[in-house]
């Protein structure tokens, strides 16, 4: 196998390892508590750490066998590999919008990295290292504060934390390159201790921030953000501090900027897709809330076997007796000869109410069409009133 083919194979395996680590991180974040940034007690999280470390190691080895212009763009395939792997292993399928955003981010990043031209290796001065470390720390802290301020919007919070993680990873790569250049120049090891400490802190911060970015935001948006921001930040530092440039002069620069816009559009598409997914479950609840009082005709029919509560049920016996006497006195002529049994009969559903029901007070008029026997049994019988008279 040629060196070029080996570098391509190592780059692809590295991308698969990164994708597997991201899937496990997202699974751990979905099951972890709300404030857990590093679930150290979960074995799955440590497996994700091992996969991420393996992906980084394979990427470094691939750079030793192949050109930077080939290995770096292949690293962007992590996004493309992660979506089908998540669908196959954890049943987490991505929608069409997520796929479009992931492909845009991948193609834009690959085009941007392929146009970056490396310059002669050089190290950073002590002042540059201090300023770069302080600036990185300030940017990461600001993004964390912004993420905390928008914690009620998981998608925005996730992108901010993933951006902070990508910045930490990218600057740690810059310091790694600086240490490698100084190592080749046989610089004293004591001079590298501050840079090694910065690398360790930034790598751990990036790992924790990336873990936190997966909580409540799915897989595609945070993974794409970290994958894009990491090399873009490293390339920006290379262009400004290491003297790197884009190929093909002004034309290459314009194409690189276009690729950057495409990658950014992919990230925006992924973010808006996640925001829409968060808002979708709330829509049916908004529509269903006023549905019950909107149309009373859709209510369930009254159970005739159990009399419905009514104002008559709350009438005291004395009031019921007085009301019944009033109704009897107001009956038209001819109604007094009605039998006592007729007074106690109840109206059948669908039949017209008896004439005497129209003389009921307003509080009892609503009983029309409802079984009257339980109510009328509480009224004194006509013969009983006659006997008392």
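Cβ coordinates come from backbone N, Cα and C, glycine included.
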Of the residue ranges 177-195, 196-214, the one that TrEMBL records as transmembrane segment: 196-214
Residues of the parent chain within Cβ reach of the transmembrane segment (249-270), under 8 Å, 6 or more residues beyond its termini: 97-98, 100-112, 115-116, 159, 220-221, 224-225, 228, 232
Beyond the flanks of the transmembrane segment (97-118) by at least 6 residues, Cβ under 8 Å: 68-70, 72-77, 79-80, 83, 220-221, 224, 227-228, 231-232, 235, 238-239, 244-248, 252, 255-256, 258-270, 272-273, 276
Spatial neighbours of the transmembrane segment (155-175) far in sequence, C-beta under 8 Å, 6+ residues away: 124, 129, 132-133, 136, 139-140, 143-144, 146-148, 195, 198-199, 202-203, 205-207, 209-210, 212-217, 221-223, 225-234, 237-238, 241, 267, 271, 274-275, 278
